[in-house]
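Listed features, source Swiss-Prot:
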- 32-66: disulfide bond (DISULFID)
- 44-79: disulfide bond (DISULFID)
- 54-80: disulfide bond (DISULFID)
- 1-21: signal peptide (SIGNAL)
């Protein structure tokens, strides 16, 4: 019975530790950064005649994008306002 209690406590500890890391700012920024670039590329597809992804030449900061939570319409205005 004592061994079972220790195993249960250990399992609960592992679950708590794994979920703590899932919600840290660094973890959220990492996930956001990966999806932000794909989302911006989908909203403002690059054109062959342009060197960058954005027609205005101003690529939005990924840090700002993730911390401010820009909407799709804001990204279109900042990045591809002529589309």
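Glycine too: its Cβ is placed from the backbone N, Cα and C atoms.
Features as recorded by Swiss-Prot, highlighted on the structure.
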| residue | record | Cβ neighbours (10 Å) |
| --- | --- | --- |
| 32 | disulfide bond | 17 |
| 44 | disulfide bond | 23 |
| 66 | disulfide bond | 18 |
| 79 | disulfide bond | 22 |
| 80 | disulfide bond | 18 |
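In terms of Cα spacing, the disulfide-bonded residues 32, 66, 80 that come within 10 Å of residue 44 (disulfide bond) are 80. Here the Cα atom of residue 66 (disulfide bond) is found 16 Å from that of residue 79 (disulfide bond). The separation of residue 32 (disulfide bond) from residue 80 (disulfide bond), Cα to Cα, is 20 Å.
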